[in-house]
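Noted in TrEMBL for the protein shown:
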{"type": "DOMAIN", "residues": "662-827", "note": "domain 'SSD'"}
{"type": "TRANSMEM", "residues": "303-336", "note": "transmembrane segment"}
{"type": "TRANSMEM", "residues": "393-413", "note": "transmembrane segment"}
{"type": "TRANSMEM", "residues": "663-684", "note": "transmembrane segment"}
{"type": "TRANSMEM", "residues": "696-720", "note": "transmembrane segment"}
{"type": "TRANSMEM", "residues": "726-748", "note": "transmembrane segment"}
{"type": "TRANSMEM", "residues": "769-790", "note": "transmembrane segment"}
{"type": "TRANSMEM", "residues": "802-827", "note": "transmembrane segment"}
{"type": "TRANSMEM", "residues": "1133-1153", "note": "transmembrane segment"}
{"type": "TRANSMEM", "residues": "1160-1179", "note": "transmembrane segment"}
{"type": "TRANSMEM", "residues": "1185-1203", "note": "transmembrane segment"}
{"type": "TRANSMEM", "residues": "1224-1250", "note": "transmembrane segment"}
{"type": "TRANSMEM", "residues": "1262-1285", "note": "transmembrane segment"}
Amino acid sequence: MGETLQTQVYQACSVIRKKTRGFNHCQRCFNKVLSKESDCLCKLYFSFMFDTFAKNKLLPIFSQVQAQHCVWYGECGKSDKVPGKKYNCNYTGPPIPLPAEGHELLTELCPGYDYGNQSLCCDVQQLHTLKGSLQLPLQFLSRCPACFFNLMNLFCELTCSPLQSLFMNGTQFTNGTAANKTNVVEVQYYIGQTFANAMYNACQDVQAPSSNVKALSLLCGKDASDCNATNWIEYMFDINNGQSPFTIIPIFSDVSVSGMSPMNNKTYDCTEGLEDGSGPCSCQDCSPACGPQPVPPPLPPPWTILGIGAMVLIMWISYMAFLLVFMGTVIGTWCYRKRRIESEYGPILDSNNPHSLNKDMDASCGETLGEHFENALRYLFTRWGSFCVRQPLMVILGSLIIVAACSGGLVYMKITTDPVELWSSPSSQARQEKDYFDSHFGPFFRAEQLIITTTLQSESSYSPYPAGAPVPFGAPLDKDVLHQVLDLQTDIENIVASYGDQKVTLKDICLAPLAPYNDNCTILSVLNYFQNSHKQLDHSIGDDFYVYADYHTHFLYCVSAPASLNDTSLLHDPCLGTYGGPIFPWLVLGGYDATNYNNATALVITFPVNNYHNDTVKLGKALAWEKEFIRFLKNYTNPNLTISFNSERSIEDEINRESESDLSTVVVSYAIMFVYISLALGHIHSFRRVLVDSKISLGIAGIVIVLSSVACSLGIFSYAGIPLTLIVIEVIPFLVLAVGVDNIFIIVQTYQRDERMPHEELHQQIGRILGDVAPSMFLSSFSETVAFFLGALSTMPAVRTFSLFAGLAVFIDFLLQISCFVSLLGLDAKRQEENRLDIMCCVKLPEGKEGKTDGFLFRFFKNIYAPFILKEWVRPIVVAVFVGLLSFSIAVTNKVEIGLDQKLSMPDDSYVLDYFKNLSTYLHTGPPVYFVVEDGHDYLSLEGQNSVCGGVGCNNNSLIQQVYTASLISNYTTIGFNPSSWLDDYFDWVKPQSTCCRYYNSSGAFCNASVVDTLCVHCRPMTPSGKLRPTEQDFMNFLPMFLSDNPNAKCGKGGHAAYSSAVVLKGNATSVGATYFMTYHTILKDSPDFIDAMKMARVLADNITTAMGHKVFPYSVFYVFYEQYLTIAYDTVFQLGVSLVAIFVVTTVLLGFELWSGVLVSITIAMILVNMFGVMWLWDISLNAVSLVNLVMSCGISVEFCSHIVRAFSISVKSTRVERAEEALAHMGSSVFSGITLTKFGGILILALSKSQIFQIFYFRMYLAMVLLGATHGLIFLPVLLSYAGPSVNKAKVFAANKRYAGTERERLLNF
C-alpha cells in the first residue's frame, strides 16, 4: 500500500471520527487494543474501527499490531560519551502501564498524544530526562506552538510510543551495570520525510529575540541559512552535541524501508492553530503568515525635462529669455537716442543743473522727510565728532574704562566643546529624546574601538572532519594572528591610568552587565568566543591522523549561535562571552561577504565604557583611562598587525589639537592683515615725509579697537553665563575686522581727500567728515547688528551663539570707531600737521610745505576704473555676466550636499582618519537603535501586550512586528535586524513548561534554573490558565525575577544580561515604566546615510505610535548630531531671509526712507548669497552649521560692500544716474576695495596652508568666495545696476546741499 502503519491508523480513525468523540480518543483506543488493555468503551470503539477498517481494506493492520513491541524501557548505565546522561535499557516486551505520578508529566510533554493510563515504552524517569533535554528547544521554539508541537511529537514518539518497533531498531548494545540489563547505545529511527520537512518548515522562521538571530541558529549546530530538515534532526540526534547520550541514526523515507514503517505522524503548519486552542504562529516566526513580503517604494526619479535636469533647463531658458529682452531693450534704447540725438539719459529734473534748484522746488513729502532724517544724523555725528577731537583724553579714557569693564567678564568665560551642546538645541526633538533616554536608562556607553588587519598573507582553508567542503578562513582568523591580537587585547585590559592620586583600570569604568555576580568587562571581540583565553583558543580534539575539532570548528559554530553555552562539537566549549552576553559576529568581524564570517579580513574589538554625565569624578576617571588607552595604541608596534582605533574622547581631542595647531596659521593670517592695515592707511606725499605721513600707530590703534570690541562682546555674554564656541573665537574676529577695517579706511581716506574750509578748525573738519561718513557706517553696522541679532532666533546653538556675539561685537566696534578712533585720528592729524614722526612722535621734521594729492587707488578708481565700468558698451556685458552667474547658481543650489563629513573635522595627520576610513571599508553593521516606549503603557493587559510583542496572538502591527517587517527591506529602512524583545523572552521564560521561572516555596525568593532543590517550584501551574500569558499582578510578580536571572545551560532566556537596563520598574517593582527594544541600523558611511537612517527610524516610530496609541520614539547616539540636517535647508532660508529683511528695513530707514535703495541693496546681497551656493557646489562645500554661520557672516560682510556705494549714490546730486554711480564708485569704491578686499585677501590666502581640512574648506574656500563675490558685486555689478535702475535724486537733499555749501569752497567740490 506504500503507507506506514501510523498513516493507516490515522486514516481509519479519521473515518471513525464522525461516529466517535474524536480522533485522539480513537487513536488511544487503538493503542489500548494493541496492548490488550481495552475497556468496555474501547470495545465499542473497536467494533466501529473493525467495521471501518474492513470497509477500507485495512484489516491487515491488526495482524501487524499484534506483533509490535518496545525497543527500550527505563534507564540503565551512564553514558560513556555525555557525562550526566544515561543509556536506556534494552526491552523488547510489550508496553508497560505508566505509573500515575507520570500522567501529569506526560500531559505536559506530549499534550497532543496523551495516552492516558495506557501502556507505554517509557517510565517516569525517562520522561524527566526528556523534559530536561528539551528545555532549550522549549525556551526558543515554544513561541511558535505548531513548531514546538511537531518537535515534541518527534521526541515523544521516539521516547514513549507503544509502536516503537514499527519505526525504531536497536543496532548496538552494551552490558548495563544492573543485573540482566542491557544498554541501548545505538538505534535507527525511521522518520517520514514528509514529517521532517513539515516540522522544519514550521520552525525555520522562529526568532530568538535576545540574540537577534533565528532560533535554529542556536539549535541546528550551524547558521539557520545552512540548516534544513535532515541536518537539523541529524544534529539533534548526534551524540557529539552534548545532549543525546547515545547515537540515534535518523533514516528519512516516506515508504517502508527494510520492513520498517517510518514515523509520519500528523503535523501542523505554522499558520495553523492547535486543537488545544493555541493560535497560529506570528508573522516574524512564520513567514507564510505575513503575506507578501513588503516592497520598498521606488526612489523618486530625478526631475528632468527632455532628459536634462529640470532646474538646469529652466534656468537656461530663463537666462536666454532675459538676455533677449534685456539686449533688445538696450539696443532699442540706443537706437532711439541716436535718432533723437539725445544724451544717454535726459536730466532727472526739469533743469539740466540740479544745483540750480530753489526753495520752491516740488519735493515730495517722503523726500523731505528723508532729508530731515539725513540732516539730523549729519548734525548729530558732526557735533559728536567735533567733541571727540576737542576732548580726546576724556573720550579715550572713558572708552578704556568701558572696554576694561566689559572685558572683565572674560574671567567667567566658558568654552563649549561638547558636540551635543554645539549642534543640538535643548528644545530639539533629538535632544529631548536623548535626555529622556539618559534619564531613564542611563547615558549611552562610551566606546573604545579597534579595527585590526594583518599584513600577513595567511589565508587558509579548513577541512571539516569527517567530511565536508573546505572552508576558507581570512588572514586575521589565522590562529597565530589571533594569539597576537589576544595579547594586545590583554595588554589593553591591563592599562593603568592615574586620576589624581588614584589608579584607574578598565574594570573600574567598564560596562559589566552582570555585576556584581559577574564583574567581567564587556569586550566585544572574536576572542571572546574563546573566553579571551589562549588555552581555549588552542583547545582541540584529535589524534595522530586527524583533528576532529579545533578553533575553526568552534568559530564556525559560534558565529551561527553566539548565545550558545555549548558548541556541541567534541570541544563542548561555550560561545557566550565572559561578561555573560552573546558576541554577535557582525559586531566583531569586518570585510566579509554576505554572512560568510570566515572570510573576514578585519577584526573589530570594542570596549564599552560606562558614561557619566552627572558625575565628574567618574567621568574624569574614564577620560584618564581613555587618554592612556590612546597613548598606548599610538606607541604600540607589531609588524604583523595594522591597527586603526578610536576612543570616545578622540574626536574632541583631535579638534582641540587641530585648533592649537592652526593657531599659528591664524596668527600669521591676522598678522598679514594687521601689517597691511597699518601701512595702507598712510598716504605718502613724498619720500621725505614717509615717517610723518604714515599711519602705523593709527592703524594699530584701529586694530586694537577691533579686538577690544570682540573682547567686550565675549566679556558681556560671559557675564550672562553664555558659553563661547570655537566658531565664535575663530570667525568673529575675521568678521569684525572686515567691518571695522572698512569703516577705518572710509574715515581716514575721506579725511585725507578732504580740503579744510576757510576758517575751519581741525575739530570742525573732522566733525564735518564724520557727519558725512558716519551715517553710512551706521547704516552698514546697524544693518549687520540687527541681522545678526535676528539670526539668534535660530534653534541651532552654534548659529545662535555666533549671531549673538557677532551682532554685539559689530555694534560695539562701531561705537568705539566713532568715539575713540575719531579722537585718535584727531591726535594723529595734529601730529602730522606738526611734522612729527609716526610712532616716535617726539621727533619733529623741519617745516616744509607739501602739496596735497589724491592717493593712487582713489585716482585709479576715479579716472580709470569707474569710467570704464560705466561705459555704455561695458554695462550690458556686466549685467549679462552677473545674471548668467546667478542663473547658474540657482540651477545648482539644490545640488549642494547636506551634512558634514566627520573626516573633515580632523587634522590631516590624525590617527582618527585611518579609523574613519576602515570603519566604512570593513564594518557591516551600523549603530544600535532603540525604540523607546515612554512611561505609561499598559503591559499588564493582553491588549497592551499584543500591541508590543511579536509572538503568538500579538497584533500584526505591533511594535516588534513593524520593526521586524522593516528589517526585511533594510536597504530602504536602514533597520538591519529583528529587534530584541524583553517582552517575548519574558513570556517564554515564565511558561510553566520551562525550568526558568521558579521560586523557593518557603520564602518566595527566586530560584535559578541551575539550582537543584526540592523547595523550588514553578512560578505558574501546569494548567490551561497557567499556560497563558501572565497578566495583571502575575505579570509584575515574576518580571523582576526575569530581569535578575543570569543565562545558564538550563535556561538561556535569563534577562539580566540582555534586558536589565531595558525595563524601568516603578513603585517598588509594582509597575512598568519606560522600556526599549533594541536593534541595529545597517552600515552608515556618510552624512546622507546617517540622515536617511534617522528619518526612516522616525517614520517607523510614528507608525508604531499610531498603531499603539502610545508615544514611541527611536534613539541612537548619532541622532542628536544629525537632526540639524533634517531642517538645515529651512533654517538656511529662514536665517538668510530674516537677515535680508532686516537689512532691507534698516537700509530703507537710514537712507532717508528710500524704499527703492533698500530693494537694490537687498537684491545685490541676495545675488551674492545665491552665488555662494553655486561656489559651494563647485567647490564641494556641504551645507551644515559651519557653512550656515559663514553664509550669515557673508550676508553681513556683503552689507559693507553694498551699503556704502548705495548711500553715496543716494546723496549724490549729479545730473544722471550714470554720473551719480560713477561718483559713488570713485569715492567709496576705493575705500571699500582697500578696506575689505585687499585686507582680507592676504589673510585668507594664508588659511590655505592650514593642516585642518575644515579650515581649508569652510574658512579658506568660503572666505575667499565671500570676499571675491562681495567685491565683484559691490564694485562692478551694483554701480551698473544703479546706473540703470537707481533711485532718482532726492530733490530735498539737493536743495539742502546747495544751501549748506553755498558760497564755500565745498560748492566747487560738489561738481567733482
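Note that Cβ sites are derived from N, Cα and C of the backbone, with glycine treated the same way.
Fair warning: this is a prediction, and the values are worked out from it, not measured in the lab.
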Q | Outside the transmembrane segment (769-790), six or more residues from its ends: residues with CB under 8 Å to it | A | 374, 377-382, 384-385, 739, 742-743, 746-747, 750-751, 754, 803-804, 806-808, 810-811, 813-814, 817-818, 822, 1138-1140, 1142-1143, 1145-1147, 1150-1151, 1192, 1195-1196, 1199-1200, 1203-1204, 1207-1208, 1228
Q: Using a Cβ-Cβ cut-off of under 8 Å, list the residues of the same chain that are 6+ residues beyond the ends of the transmembrane segment (1262-1285) and lie near it.
A: 734, 866, 869-870, 874-875, 878-879, 882, 1160, 1163-1164, 1167-1168, 1171-1172, 1175-1176, 1179, 1181, 1187, 1190, 1193-1194, 1197-1198, 1200-1202, 1205-1206, 1209, 1217-1218, 1220-1222, 1224-1225, 1229, 1232-1233, 1236-1237, 1240-1241, 1244-1245, 1247
Q. So, does the transmembrane segment (303-336) come close enough to the transmembrane segment (726-748) to give 3+ Cβ pairs below 8 Å, pairs being at least 6 apart in sequence?
A. no
Q) What stretch of 303-336, 1133-1153, 1185-1203, 1224-1250 shows the most Cβ pairs under 8 Å to the transmembrane segment (1160-1179)? A) 1185-1203
Q.
Can you work out which residues elsewhere in the same chain, 6+ from the ends of the transmembrane segment (1224-1250), have a Cβ less than 8 Å from its Cβ atoms?
A. 662, 665-666, 668-670, 672-673, 676-677, 680, 734, 737-738, 741-746, 749-750, 753, 776, 855, 857-858, 860-862, 865-866, 869-870, 1197, 1200-1201, 1204-1209, 1212, 1256, 1259-1260, 1263-1264, 1267, 1270-1271, 1274-1275, 1279, 1282
Q: Report the mean pLDDT of the predicted model across the domain 'SSD' (662-827), rounded to a whole number.
A: 82
Q | Any contact, the transmembrane segment (802-827) to the transmembrane segment (1133-1153), with at least 3 Cβ pairs under 8 A | A | no
Q.
Suppose I define contact as three or more CB-CB distances under 8 A, residues 6 or more apart in sequence; do the transmembrane segment (663-684) and the transmembrane segment (696-720) meet it?
A. yes
Q: Quickly jot the same-chain residues contacting the transmembrane segment (696-720) by Cβ under 8 Å, restricted to those at least six beyond its ends, or write none.
A: 402-403, 406-414, 674, 677-682, 728, 732-733, 736-737, 740-741, 744, 748, 804-806, 808-810, 812-813, 816-817, 820-821, 824-825, 828, 838-839, 841
